[in-house]
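Chemist: Quick one: the structure is below, questions incoming.
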Amino acid sequence: MTSAPATPADHVTVRVPAKVNVQLAVGPPRPDGFHDLANVFLAVGLYDEVTATRAGGLELTCSGPDASLVPLDGSNLAARAAVRLAAHHNLRPDVRLHISKDIPVAGGMAGGSADAAGALLACDALWGTATPREELLAICAELGSDVPFPLVGGAALGEGRGERLTPLPVGGAFHWVFATADGGLSTPAVYREFDRLTGGRAPEPAPSAELLAALDAGDATALAAALSNDLQPAALSLRPSLRETLDAGTGAGALAALVSGSGPTCAFLAADADAAELIAKALAASGTCRTARVAASPARGAEVLP
Ligand SMILES: C[C@](O)(CO)[C@H](O)COP(=O)(O)OP(=O)(O)OC[C@H]1O[C@@H](n2ccc(N)nc2=O)[C@H](O)[C@@H]1O
Ligand SMILES: Nc1ncnc2c1ncn2[C@@H]1O[C@H](COP(=O)(O)OP(=O)(O)OP(=O)(O)O)[C@@H](O)[C@H]1O
């Protein structure tokens, strides 16, 4: 007796994580306008879900508290990912994409990039195109500097403009609080402000040995001492009120506080899960942020949900 042929699924859902940059060392502007980075990404347990469903053309919907801030036209990174993957296989991008959004929008946590990585994986599974991992990563890098990382998850060093990844070992769980802000910050504007503040003469970026050792050891105290973000002065210059948010978190017992990527979300490292809950409560009560969310790291990269 032979088993029935497998029916292709009519929809696929992929869960994909946000990131925090535990080190973001930024060099001077390159001739192409980008900056070379030593970008240590850590995936955190805040997730978007991208569902790809069979359809007669490309459609896009989004739900979640920040859904009204997400563009639903061809500029959406998830839609661009579907179009790019279809072109790679000489197919039409016939898919309905739904983004269930929990990652803050324009918050420096790479939410749009996560959706692009999620859409690639979901469409690849829906269309049965079985794209090799290296090709998926190359398409991610074309879509944006932050897009390859959410596919991989865990922790990784991003070099070049951040798209060339080397996975990093992480020896234990880290507990974070993320304070979101009203209104996003534009990533290009923050890089421009960085150039203005450094006069275009920043040193060449290099990964910190102390930081990599702290990650490898799973040592929160050592990680707190080694956290750094070269874009933080630029984000604070554009949004001075973030200083009050950072101070409220350290005042509530965080081991360290920093702006996440290009901001304006602020990240606080806590000693353990209980401390993270207390810091989140204090931040929420401080009136210095919109929401305060706890999340643990490392988180797994994009994966198809059963
Ligand atoms: C700030 C970070 O989130 C840290 O991970 C990333 O560097 C931003 O990555 P991203 O949002 O994927 O950025 P991209 O979509 O590749 O580029 C958007 C814009 O950001 C600036 N940009 C980005 C990455 C980089 N290494 N240098 C840059 O100067 C450029 O002005 C670029 O036009
Ligand atoms: N799927 C998407 N989700 C959210 N924003 C998107 C998406 N696609 C395109 N965008 C646009 O990209 C802008 C940046 O959104 P995103 O949430 O990715 O910012 P970010 O977290 O600061 O990014 P990064 O940390 O990679 O710099 C938004 O203001 C929005 O106009």
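Positions of Cβ are set from backbone N, Cα and C atoms, glycine also.
Nobody curates TrEMBL annotations by hand; they come from automatic prediction.
Checked TrEMBL, it gives:
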{"type": "ACT_SITE", "residues": "Lys19", "note": "active site"}
{"type": "DOMAIN", "residues": "76-154", "note": "domain 'GHMP kinase N-terminal'"}
{"type": "BINDING", "residues": "Pro104, Val105, Ala106, Gly107, Gly108, Met109, Ala110, Gly111, Gly112, Ser113, Ala114", "note": "ATP binding site"}
{"type": "ACT_SITE", "residues": "Asp146", "note": "active site"}
{"type": "DOMAIN", "residues": "212-286", "note": "domain 'GHMP kinase C-terminal'"}
Chemist: Are any of the recorded positions Lys19, Pro104, Ala106, Ala114, Asp146 near ligand 1, with a Cβ under 6 Å from it, and if so which?
Modeler: Asp146
Chemist: Output the one of Ala106, Ala110, Ala114 that, of all these binding-site residues, has the highest number of other Cβ atoms within 10 Å of its Cβ.
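Modeler: That would be Ala114, with the highest Cβ count within 10 Å.
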Chemist: Could you round the CA separation between Pro104 (ATP binding site) and Asp146 (active site) to a whole angstrom and send it over?
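Modeler: Between the alpha carbons of Pro104 (ATP binding site) and Asp146 (active site) there are 15 Å.
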Chemist: Please state whether DSSP places Gly112 (ATP binding site) in a helix, a strand or coil.
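Modeler: DSSP call for Gly112 (ATP binding site): helix.
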Chemist: Do any of the recorded positions Lys19, Pro104, Gly112, Ala114 touch ligand 2, in the sense that the CB is under 6 Å from one of its atoms?
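Modeler: Gly112, by Cβ distance under 6 Å.
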Chemist: For Asp146 (active site), what is the tally of other C-beta atoms lying within 10 angstroms of its C-beta?
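Modeler: That number is 30.
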Chemist: If you draw a 10 Å sphere around the Cβ of Gly108 (ATP binding site), how many other Cβ atoms fall inside it, taking every protein chain shown into account?
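Modeler: The Cβ of Gly108 (ATP binding site) has 31 Cβ neighbours within 10 Å.
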Chemist: What's the number of neighbouring CB atoms sitting within 10 A of the CB on Pro104 (ATP binding site)?
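Modeler: Here the count is 25.
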Chemist: Using a 10 Å radius around its CB, how many other CB atoms surround Lys19 (active site)?
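Modeler: 30, counting other Cβ atoms within 10 Å of Lys19 (active site).
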Chemist: Of the binding-site residues listed here (Ala106, Gly108, Ala110, Gly112), which is spatially closest to Asp146 (active site) when Cα positions are compared?
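Modeler: The smallest Cα gap between Asp146 (active site) and any of the binding-site residues is with Ala110.
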